[in-house]
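Enquirer: If you look up TrEMBL, you'll see 12-315 marked as domain 'Amidohydrolase-related'. Per TrEMBL, Zn(2+) 1 binding site is recorded for H14, H16, K99, D247. The substrate binding site annotation in TrEMBL covers H16, L17, R18, N42, H136, L219, H251, A263. The Zn(2+) 2 binding site feature in TrEMBL is assigned to K99, H136, H174. The N6-carboxylysine annotation in TrEMBL covers K99. Annotation source TrEMBL lists active site at D247.
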Amino acid sequence: MTDQITITRPDDWHIHLRDGQSLERSVTDAARQFSRAIVMPNLVPPVITAEDAAAYEARIRQNIPAGNPFQPLMVLYLTDNTTPEMVEQAHAKGVVAAKLYPAGATTNSDSGVTDINATFPALEKMAELGMKMLIHGEVTTNDIDIFDREKAFIDSILSVIVDKFPTLKVVLEHITTSHAADFVRGAREGVAATITAHHLLYNRNHMLVGGIRPHYFCLPILKRNTHQEALIEAAISGNPRFFLGTDSAPHARDKKENACGCAGCYTAYTAIELYAETFERAGALDKLQAFASEFGPDFYGLPRNTDTVTLKREPWTVPQTLPFADTEIVPLCAGETLNWKLVD
Ligand SMILES: NC(=O)N[C@@H](CC(=O)O)C(=O)O
Ligand SMILES: [Zn+2]
Ligand SMILES: [Zn+2]
């Protein structure tokens with residue numbers, strides 16, 4: 001049995017760091033394990049312009065522990081009013097991607113896109129500049145069941161975008177279904193997906209059997225076990241279209257343990273350990289490095305990291321809560337024992 005693994009330092013290709021006082025916790029946790037992170041722009045108000053992104057990046061940088069080379073990669077939030085000029089300005093300032101949130105699909109998506117056609121001039125410009133398009137892939141119409149929203153989005157919107165902009169690099173974020181894995185596997189070149197640790201570890205039974213567990217509630221929502229199995233298969237397949245994106249999303253404990261609880265799981269504190277856990281269970285620890293540290297930078301056209309992280313087989317218990325701004329947060333797997341521990 002392997003008792004220690006050393007891999008190229010991973011990057012997180014989808015994380016929520018939030019803002020203000022939240023940054024101390026979220027940035028410290030991310031920077032402890034990841035070298036770079038694609039920082040989601042769904043603040044209130046969202047990151048809509050190049051100036052917003054630059055100002056947000058500066059606030060993040062103030063919270064990076066001294067001497068840590070962590071690099072936030074900034075993302076623009078697409079709205080119905082994002083112009084090609086705004087895309088151009090953001091690209092010139094080093095913004096690497098723009099994010100499509102269908103309006104109302106998830107946390108802080110109220111300013112998101114209401115009409116996909118409105119984004120086409122911006123998408124055209126992104127394709128030209130090599131800026132990536134990141135997508136929360138769910139439709140939002142009330143007649144579509146929440147468990148079917150990812151598939152409906154792929155069929156009605158994603159397939160259209162991918163065909164209409166053949167050179168646009170597209171990431172379908174936090175995939176949750178076999179449909180999504182199949183679509184990405186079979187799509188044209190330049191289409192990829194991120195997979196979270198929680199969608200690899202859990203299915204909807206974990207969230208709903210024996211009581212409702214709000215800390216497993218995220219969007220897109222956990223699906224049935226056959227979908228979980230399809231995601232594990234994709235993650236360990238060695239197919240470079242699938243790579244790590246935690247979607248770690250901090251919500252204060254009282255916002256999760258609530259009659260109308262927020263969507264999002266906090267995994268930044270334990271992220272690489274959770275992925276190691278999943279890969280080991282699937283008998284594929286040898287595939288972790290490529291998924292966590294190689295396929296992401298390759299897709300983004302960035303160099304792979306040159307330093308490493310080491311994980312030891314050393315059972316440890318995840319704390320019940322973590323301090324978070326002036327309140328607390330419940331990390332995923334709180335109170336549970338994990339087998340792998342990141343060596344600091
Ligand atoms: N995943 C979630 O359930 N929540 C995310 C938003 C998102 O990534 O959809 C958040 O910002 O809290
Ligand atoms: Zn999302
Ligand atoms: Zn997210």
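Every residue, even glycine, has its Cβ placed from backbone N, Cα and C.
Just tell me what is around each of these and how deep it sits.
Expert: Within the same chain, residues at least 6 positions away in sequence whose Cβ sits under 8 Å from that of H16 (Zn(2+) 1 binding site) are S26, V39, M40, N42, D247, S248, A249, P250, G264. The secondary structure of H16 (Zn(2+) 1 binding site), as reduced to three states from DSSP, is coil rather than helix or strand.
Counted within 10 Å of its Cβ, the other Cβ atoms near L219 (substrate binding site) come to 21, all protein chains included.
Of all Cβ atoms in the shown protein chains, 25 besides its own fall within 10 Å of the Cβ of K99 (Zn(2+) 1 binding site).
Neighbours of D247 (Zn(2+) 1 binding site), defined as other CB atoms within 10 A of its CB across all chains, total 27. Annotation note: D247 (Zn(2+) 1 binding site) sits in a coil segment as assigned by DSSP.
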Enquirer: Among all protein chains shown, how many Cβ atoms are found within 10 Å of the Cβ of L17 (substrate binding site), not counting that one?
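Expert: I get 24 for this one.
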Enquirer: With the Cβ under 6 Å from ligand 2 as the test, give me the qualifying entries from the binding-site residues H14, H16, L17, N42, H136, H251.
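Expert: Checking each Cβ against ligand 2, the ones under 6 Å are H136.
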Enquirer: Filter the binding-site residues H136, H174, L219, H251, A263 down to those whose C-alpha lies within 10 angstroms of the C-alpha of H14 (Zn(2+) 1 binding site); answer none if the list is empty.
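Expert: The binding-site residues close to H14 (Zn(2+) 1 binding site) (Cα within 10 Å), listed in sequence order, are H174.
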Enquirer: Find, for the listed binding-site residues H14, R18, H136, H174, H251, the residue with the lowest Cβ contact count at a 10 Å cut-off, counting only other Cβ atoms.
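Expert: Per-residue Cβ counts within 10 Å for the binding-site residues H14, R18, H136, H174, H251 bottom out at R18.
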Enquirer: Using DSSP and three states only, what is K99 (Zn(2+) 1 binding site)?
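Expert: DSSP assigns K99 (Zn(2+) 1 binding site) to strand.
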